[in-house]
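J.: Okay, handing you the structure first.
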Amino acid sequence: MMTNDQMLSRVPEEQRKLRANDREFNRSFRYATNSIKTSKYNLFTFLPLNLFEQFQRIANAYFLILLVLQLIPDISSLSWFTTVVPLVLVLSVTAAKDAIDDIWMDVQVGDIIKLENNQFVTADLLLLSSSEPLNLVYIETAELDGETNLKVKQALTVTGDMGDSIKDLAAFNGEVCCEPPNNRLDRFTGTLTFTGQKYALDNERILLRGCTIRNTDWCFGLVIFGGQETKLMQNCGKTIFKRTSIDHLMNVLVLCIFGFLAISCSILAIGNRIWEQQEGSTFTAFLPRQDGVNAPFSAFLTFWSYVIILNTVVPISLYVSVEIIRLGNSYYIDWDRKMYHARSDTPAEARTTTLNEELGQIKYIFSDKTGTLTQNIMVFNKCSINGKCYGDVLDYTGQRLEITEQTDSVDFSFNQLADPKFMFYDQSLVEAVKLENTEVHAFFRLLALCHTVMAEEKNEGDLLYQAQSPDEGALVTAARNFGFVFRSRTPESVSIVEMGVQRCYQLLAILDFNNVRKRMSVIVRSPDGKLTLYCKGADTIIYERLHLSCSKLMEVTTEHLNEFAGDGLRTLALAYKNLDEEYFREWKERHHEASTSLEDREEKLDLLYEEIEKDLMLLGATAIEDKLQDGVAHTIEQLAKADIKIWVLTGDKQETAENIGYSCNMLREEMNDIFIVAANTPEGVREKLRHARSTMKPDSVVPDESVTGEYGFVINGQSLAYALEPTMELEFLRTACMCKTVICCRVTPLQKAQVVELVKKYKKAVTLAIGDGANDVSMIKAAHIGVGISGQEGMQAVLSSDYSFAQFRFLQRLLLVHGRWSYLRMCNFLRYFFYKNFTFTFMHFWYAFFCGFSAQTVYDEWFITLYNLVYTALPVLGMSLFDQDVSDSWSFEYPQLYVPGQLNLYFSKTAFMKCALHSCYSSLVLFFIPYGAIYDTVKNDGKDIADYQSFALLVQTCLLVAVCIQLGLDMSYWTAVNHVFVWGSLAMYFIVTFTMHSNGMYLTFTSSFPHIGTARNSLSQPNVWLTILLTSILCVLPVLTHRFLLIQLQPTVNDKVRLKVRQMKAAPPPPPRRIRMRRTSSRRSAYAFSHAQGYGDLVTSGRFLHRQVKPRSTGFTPTGRTLNFSPAGRSAGYSPTAQNQNSKGDLEPTALQMYRTKQPSY
């Protein structure tokens, strides 16, 4: 009899119930284990699933049916093994490249597990306890949302008291009742019942699978969801069998060929019946019919006999060759040294061999931002202080020099606490610091004090900063190198080293950042008792609060800000204000009242902040470069020239995504308009979409992507949720497709996949998704092609991808070179393969009218066996593996060469029909010219040569020479291998033919080699060679004429480029000029766009500080003006995770603890 728990397990899960350390109880619910499978197969399902997938190819199913027919003696004139061997070979080659499992951890729901610093969280856990004060745990969520700044989680006090006591943890028997598995990353609801008390659980208590433990020695967690039920895996799309568009087209064409085959066989069967009724009776005297076989039954058998004979219209060798070609082109990607990233020792990898030609047809690219386009590195590039701009390198004439890797860096050796990775160019800024310029010192003092960065110093002078945003880390690092070193902090103080002197500032208040304020301020008291408010934020916000006396300085600083923005840099304005002691005391009392208010707390605090943050004195501005990966902007530019549309789908903030769009030149101020969709209701989103469409195409009444001008489109996650609803998805798609650039920000992993699926559903285009984190897996699986970048966010994206490499810039080579070549080679292969086999097969059709429709073959049996296997296999493989229309350098010089692949111009139904008509013409020439030439013909000695064997030899020789000449015309790039394959195959044909027609073979295997002496007798006649020459000329003459006229009258992009290459005598093109991108851009605040609210409370709460600050040396040498300065190179980058950018998982722990509390302490 079933228990209640067992009955519950049979119905859909409405809520989850589990008990800690009780596997028997939890097992009754049949919860998922923590096994994760990233492959399509396992040991038991491999054979059936793989065969099922392969027999979805109609041709494979056809060959299976053909094999059955060949087992019937009355029908088949060929041996069964001629089909079995190639069929088994095809299935084996295809099956050999599948199935790898990825099992993460053998744990079950209800287990308690221990995690240590830098380990991945491998299941969804309820945090129980940790090594940190107040049971805090610091996690990095890059795998989930792409953000690398640390986040904090806290355990309940009742469970945190267990600490790391194994005895207490083993005895813990709390029961959790919570929501069922779902894909909401930002929400969790549940309760914990323990010792008779019930405790509320929310998302702050949960560690999700895919996070990484940082700065925490250890923690213990209770498994809530495991395996496929984790929120990460709920957001991952289902693994699907991916097939190329050529595969789908081949299925359609094969169906058409089967129809043609059925019609042809029916015609020949009808012909057989007519012939048997009218002529067959005259042959029964010496060729009697079998018992029970009359004309209708003979026609029935003839139909199936011709099905076997004419099966070469779709030879199984086609699929063997396709697999070999795909495998070879995959190896080219693996072996490409130009896609190898030496710094991280990461080569490119083709993780599938079935999708190569699809890389040459991409129309839409969906890209993640963080870690895919960017390096998560911020660079302090320039600044403006008191009206003077710093950061450029000038020559002796005052002209700005371009900064290169060879440019010497500024010498910071005077500062022993400087970051050795930080570099700066402009020596005049260091001069100003050493000359103790008051404004310059105030500028860097502000940067060293006004922030929420945490510092850890494990060894003397070895500072490690952990910042909530990478921008802050870059600014504090810059101040550190210029002599204002942030050293440590407590809830009430900030300690810095100013030009070698240790100073401790009393931290009186932090006026925290939020998205409305777009600024943060600190109020400090200096060691000499002076009260000062330091403020940094978006320049437009700061300007509104400046004192009137700053108007002149503001004008000059504005010019500098415009220049910084033109260089694509992220800007911040800095200001300060000296405060009156009495006023501040009164303000602080009101601030304390507002911060402890239970009603309208945020509004009251905002009013107080507005009150004190006015009449500020402007210090200057900073300019930070959001470090893109190398070559991103150039790659995007090249892909745009190839008419590939790039959509950025990111979980990051809207403003940060926009900045990246500007940095990589996807968004430009020259655009006609940039539409921002950030509505909170479906009606609001619909109105925004309609407004955008009417602006771009005011007179449009039908869906039309063609617009005049260039537009950008930015939409946030909440609006996207409404836009993806069935009633609005077409409106969204139409609007987005009319824009040149589309950026979707604050999107969930599932929304990324939904956007990809939407484009796949309504657009007849091939899609590619590229990302580097687990939050990109769903869209990688959804797209036709998935590309994983092996970056800093783990290997989940790589494991789910079809192709992987280390840098976004390699995508350019993957598509414009490997993809285009693969597509071109595959299309040339298919056109030529169908041509040679259709021509081969049509000859049987014509011959049927001369052999009484008796299913006799026009060629000898050995030629039929070796035609596709030996005589024509290597030449076509050589073309398909080595052919190039132009070199890789010319492919980059002319990205427009990629467009024909998007339009399916090289192989389509139309191209197939042309190929069939060409084959029909060639077969007529190759059959009737030799027939007429040999009819009633005698040799020089007067003997007749018009016998079947001589005719068969002449026809097959003409056929082989003609198809080899056609191959030579189709091939653009001859290599030594191609010469060996083509000439070697022709030589092999004559060697094998003369051998098989020799006396020795006849005497040894009489029944198998009946054509004794045919080759030497026929090929010794001049008229035979004249016939071969004539048929070859007649076969290629229309092709040459057609191509000549097309090149002259309607030249394609390929024709034009190849002509230019020939004119340049195949010299490599000049390297593309790398033009420095400059824009008249609106300024964008770095700080306001990457910071988050709440960290001011965290800093002043004191809950994250547990280590005592030890006395330290200042680490400075005496300062003074130095004369030997040299200009330097680009600034070193700041990584928000403070780790080596190419290492994987070896981050040293730091002392950053972040905890947001509602009760500030002073």
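Backbone N, Cα and C atoms are what each Cβ position is placed from, and that goes for glycine too.
Whatever TrEMBL says is automated annotation, not expert-curated.
Reproduced below are the annotations present in TrEMBL:
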type     : residues                                                                                                       : note
ACT_SITE : ASP368                                                                                                         : active site, 4-aspartylphosphate intermediate
BINDING  : ASP368, LYS369, THR370, GLU472, PHE513, LYS536, ARG570, THR650, GLY651, ASP652, ARG746, LYS752, ASN775, ASP776 : ATP binding site
DOMAIN   : 19-84                                                                                                          : domain 'P-type ATPase N-terminal'
REGION   : 1111-1149                                                                                                      : region 'Disordered'
TRANSMEM : 252-275                                                                                                        : transmembrane segment
TRANSMEM : 295-320                                                                                                        : transmembrane segment
TRANSMEM : 829-850                                                                                                        : transmembrane segment
TRANSMEM : 862-882                                                                                                        : transmembrane segment
TRANSMEM : 911-931                                                                                                        : transmembrane segment
TRANSMEM : 951-969                                                                                                        : transmembrane segment
TRANSMEM : 981-1005                                                                                                       : transmembrane segment
TRANSMEM : 1025-1046                                                                                                      : transmembrane segment
J.: Mean pLDDT over the domain 'P-type ATPase N-terminal' (19-84): what is the value?
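T.: Value for the domain 'P-type ATPase N-terminal' (19-84), mean pLDDT as a whole number: 68.
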J.: Can you name the far-off residues of the same chain, 6+ from the ends of the transmembrane segment (1025-1046), with a Cβ under 8 Å from a Cβ of it?
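T.: Non-local partners: 918, 921-922, 925-926, 929-930, 933-934, 954, 957-958, 961-962, 965-966, 969, 1019, 1052, 1055.
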J.: Using a Cβ distance cut-off of under 8 Å, indicate which of 295-320, 862-882, 911-931, 981-1005 has the most pairs with the transmembrane segment (829-850).
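T.: Ranking 295-320, 862-882, 911-931, 981-1005 by Cβ pairs under 8 Å to the transmembrane segment (829-850) puts 911-931 first.
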J.: For ARG746 (ATP binding site), list the number of other Cβ atoms lying within 10 Å of its Cβ atom.
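T.: I get 19 for this one.
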J.: What is the separation, in Å, between the Cα atoms of GLY651 (ATP binding site) and the residue listed as 'active site, 4-aspartylphosphate intermediate'?
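T.: Distance (Cα to Cα, whole Å): 8 Å.
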J.: What residues elsewhere in the chain lie close to the transmembrane segment (981-1005), defined as a C-beta under 8 angstroms and at least 6 residues from its ends?
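T.: Cβ under 8 Å, 6 or more out: 862-863, 866, 870-875, 877-878, 953, 957, 960-961, 964, 967-968, 1011-1016.
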J.: Please report the distance from the Cα of PHE513 (ATP binding site) to the Cα of the residue listed as 'active site, 4-aspartylphosphate intermediate', rounded to the nearest angstrom.
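T.: Approximately 27 Å lies between the Cα of PHE513 (ATP binding site) and that of the residue listed as 'active site, 4-aspartylphosphate intermediate'.
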J.: Fill in the CA-CA distance, ARG746 (ATP binding site) to the residue listed as 'active site, 4-aspartylphosphate intermediate', as an integer in Å.
T.: 11
J.: About how far apart, in whole Å, are the alpha carbons (Cα) of ASP368 (active site, 4-aspartylphosphate intermediate) and ASN775 (ATP binding site)?
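T.: Answer for this pair: 9 Å between alpha carbons.
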J.: These are the recorded positions: ASP368, PHE513, ASN775. Which one scores highest on other Cβ atoms within 10 Å?
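T.: Highest number of other Cβ atoms within 10 Å: ASN775.
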